[in-house]
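Lifted from TrEMBL, the feature list:
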REPEAT    42-66  repeat 'WD'
REPEAT    76-119  repeat 'WD'
REPEAT    120-156  repeat 'WD'
REPEAT    163-199  repeat 'WD'
REPEAT    207-249  repeat 'WD'
Amino acid sequence: ISCDVLFHFAGLGCGTLAVLEQNEAGIVLLRSFDWNDGLFDVTWSESNENMLITCSGDGSLQIWDMTKTKGPLQVYKEHTLEAYSVDWSQTRGEQLVVSGSWDQTAKLWDPAMGKSLCTFKGHEAVIYSTIWSPHIPGCFASASGDQTLRIWDVKTPGVKLVIPAHQAEVLSCDWCKYDENLLVTGAVDCSLKGWDLRNIRQPVFVLLGHTYAIRRVKFSPFHATILASCSYDFTVRFWDFSKPNPLLETVEHHTEFTCGLDLSLHNRGQV
């Protein structure tokens, strides 16, 4: 089954944003919000602990406030196809949001404004992932079905760097938290590749082991060479690319496609 078929299937019907808390009793539902289309991604505000932004199959972004019983507070509808990725900037002094869409564009938003600030064009297929650099203000990366990883600067409308990362659709990317020049990509070819922006002729590492498309990859916030990935092969895998045998662990708890993961910023052992 192609990825497009899988995503269209997943996008049918309405979506729910569930806000959860972990305490002594386990994982508890704090708040739940419904939207009239599938929700594909979510990002926490970096300035307000009660605010989140989601993006959905109808091409819109929604701002939610956890202190409200209903919502959303605002809806931004500019993408012409599914909005598939959304991320809030993490560098100091900025409150910017970037979204990526199946309409092949990325858009820059200030949550205080009612419309996008800029539209970034250049990808030749679906954008699956848009991630802010944790180091460089105004810089974000995007991963696309056109097989490329691209680096953008919000101060200039054109693409800053194009990396032909895989010979397959690139579904996910992430920045290393300890090296501003290092990124990782995950693709339909089942591989993870590391890229040094100072020399993009070849990857600095290639990690093999997944047996189906890699849906999400994340660098550890605590270790410079450790990352985690999840896949349509139902597994979550942990890697240390500095080791001769980089695969640290394979977790097989899921019984269906594993579509997302993140690593806790507060608890070293929690994913």
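Note that Cβ sites are derived from N, Cα and C of the backbone, with glycine treated the same way.
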Within the same chain, the residues 6 or more beyond the ends of the repeat 'WD' (163-199) and with Cβ under 8 Å of it are 3, 125-126, 128-129, 131-136, 141-145, 147-151, 205-221, 224, 227, 229, 231, 233, 239, 241
Within the repeat 'WD' (207-249), how many residues are helix, strand or coil going by DSSP? 0 helix, 22 strand, 21 coil
Provide the three-state DSSP residue tally for the repeat 'WD' (42-66): helix first, then strand, then coil. 0 helix, 15 strand, 10 coil
On average, what pLDDT score does this prediction assign to the repeat 'WD' (120-156)? 96
Counts by DSSP class (helix H/G/I, strand E/B, coil) across the repeat 'WD' (163-199): 0 helix, 20 strand, 17 coil
